[in-house]
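Feature annotation from TrEMBL assigns active site, proton donor to Glu161. The active site, nucleophile annotation in TrEMBL covers Glu186. Per TrEMBL, the feature domain 'Glycoside hydrolase 35 catalytic' maps to 14-174, 177-276. Among the features that TrEMBL reports, domain 'Beta-galactosidase 1-like first all-beta' is placed at 334-418. Sequence annotations record features per position, and here TrEMBL assigns domain 'Beta-galactosidase galactose-binding' to 461-519.
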Amino acid sequence: MSEREGLSADTTHFTLEGVPFRILGGSIHYFRVPRAHWRDRLLKLKACGLNTLTTYVPWNLHEPERGVYVFHEELDLEAYIRLADELDLYVILRPGPYICAEWDLGGLPSWLLQDKQMKLRTTYSGFTTAINSYFDKLIPKIVPLQFKRGGPVIALQVENEYGSYAKDDQYLSFIKEPQKPLLVMEYWSGWFDVWGEPHHVFDAQEMISTVRELLDRGVSINFYMFHGGTSFGFMNGAIDFGTYKPQTSSYDYDAPLTESGDYTVKYHLLRNLLSTYNKELLLDPPSVQSRRAFEPVVVTHYISLWQSLQCVETLIRADDPLNMENLPANGNNGQFYGYTLYETDIYTGGELNSRNHVRDRSLVFLDRELIGVLDYRTQKIRISHIKGEMTLGLLVENCGRVNYGPGLDHQRKGIVKSPFSIFLTYCRFCSCELLLLLISLLQIQLESLKWVSVGNKPSYPAFFRGRLVVDEPTDTFVKLPNWSKGVVFVNGRNLGRHWSVGPQKALYLPGPWLRSGDNQIVVFEEFKADESIHLSENPGYGKIIDVSRHPFCTLM
């Protein structure tokens with residue numbers, strides 16, 4: 001087959017196969033959407049009048065451990081691109097290696113931070129060597145999917161937003177291979193959320209007005225996001241422009257398609273507008289997928305964190321605490337996400353001053369009784385009553401690594417430097433992705449671990465479980481109105497974090513992750529649990545702020 005003429009740019013417009021071509025694109029990240037819903041979301045994009053799909057490629061998911069590559073199931077990038085081709089969509093691929101995307105460490109794998117000299121996004125050899133190894137695996141998967149070779153990929157964007165970070169003049173020259181037409185386009189249809197602040201929305205009419213002006217001037221456009229989806233598990237990022245703020249698990253983004261794939265006013269207005277510019281016949285929008293509110297799940301049993309540690313076969317001992325990235329876990333690639341428990345023996349009281357070396361948030365225990373919380377705002381706790389030898393414990397949570405800006409270089413988590421002077425003579429800690437490992441083991445050892453009836457007063461933190469009986473699996477939302485903070489697992493899948501501070505009030509539970517019959521819900525709760533877990537048809541938010549009427553830079 002003869003090679004097709006790919007995307008090119010002259011002084012006024014793009015061409016594809018030598019014909020003037022306008023990019024009408026929308027961003028949908030395959031790693032934020034259950035694979036069973038890929039087709040539905042892409043059909044909705046096409047039915048809106050768009051002709052191009054854009055997606056990032058997260059290095060930290062595809063190479064979770066150094067030299068271990070994952071490109072199957074939910075991470076089958078090639079299948080996602082081929083599906084776009086089947087639906088007659090072009091693809092602009094954004095493989096990074098840095099992607100931002102409100103994703104942990106901007107998509108860079110945390111094991112890079114094991115190197116104390118690491119200089120991210122530079123020509124530092126430790127970084128470029130790792131990129132080369134990863135791209136050696138990634139690029140051969142992309143090459144056959146290029147437009148010139150019969151595939152749908154019309155362009156690649158290497159790196160991302162380097163102007164916000166730039167400190168190495170040679171880096172972009174290094175990273176631009178393989179050379180393809182460069183395209184940068186993000187029209188923000190909404191905005192992301194951070195914990196403890198309002199839910200951000202963007203006025204639909206104002207969006208349409210701006211888009212109409214751009215199109216009238218002949219500008220190509222890509223909507224970021226067209227469908228945001230969900231940062232499942234512990235993959236949310238954070239921002240830090242003087243104050244650290246972790247982002248929510250929901251990546252709804254107030255986009256034309258909601259987190260669960262519903263049409264919005266923005267979608268219908270945009271479709272009407274694009275129909276006047278896209279001369280091709282528009283598809284009828286697919287039917288809305290069903291969702292339902294199941295009966296509340298009764299919480300029947302719990303097991304405290306301390307009892308569940310029986311599942312952990314070994315604890316690591318060290319003279320000084322190690323940060324998460326340097327724990328001997330995951331094939332010596334460190335701990336990636338979640339919580340780490342640090343414990344040590346103390347013999348005297350005094351002031352516990354974290355000096356900002358506890359990242360990002362820690363429950364503090366004395367003989368496993370909660371005495372306070374350390375975070376970026378609260379860095380001191382007074383310990384006044386010591387009765388001989390007592391155990392000081394810190395359950396430290398990585399709330400999400402910064403994904404944007406100069407703070408990217410300072411994202412080691414856990415206890416990053418010993419701040420407690422006389423308190424720490426040695427430290428023992430779990431060398432595992434604490435919650436993920438425990439959930440896996442708890443499912444296997446449910447009977448042997450003596451779960452306690454919730455009729456007894458729980459000892460926190462704790463795992464709580466209930467049984468959801470489903471006749472026909474369908475999408476729903478998990479709501480925990482009278483709980484405090486923690487993580488939700490359904491059939492072993494981590495849906496994300498819940499936190500009463502909002503704005504996110506519900507966790508999206510995809511129907512394909514449920515099964516007919518019994519489904520197990522396990523909630524890790526730090527402070528306060530209720531007797532039931534609610535399943536709702538729709539999400540909920542706390543206070544809302546319209547970013548179209550407030551400069552977004554003030555929200556950082």
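Numbers run from 1 along the shown chain.
Each residue, glycine too, has its Cβ placed from N, Cα and C.
Taking a C-beta cut-off of under 8 angstroms and a sequence separation of 6 or more, Glu161 (active site, proton donor) has the following same-chain neighbours: Cys100, Tyr404. Here the domain 'Beta-galactosidase 1-like first all-beta' (334-418) has a mean pLDDT of 90 out of 100. According to DSSP, the domain 'Beta-galactosidase 1-like first all-beta' (334-418) comprises 5 helix, 43 strand, 37 coil.
Taking the Cβ of Glu186 (active site, nucleophile) as centre and 10 Å as the limit, one finds 16 other Cβ atoms among all the protein chains shown.
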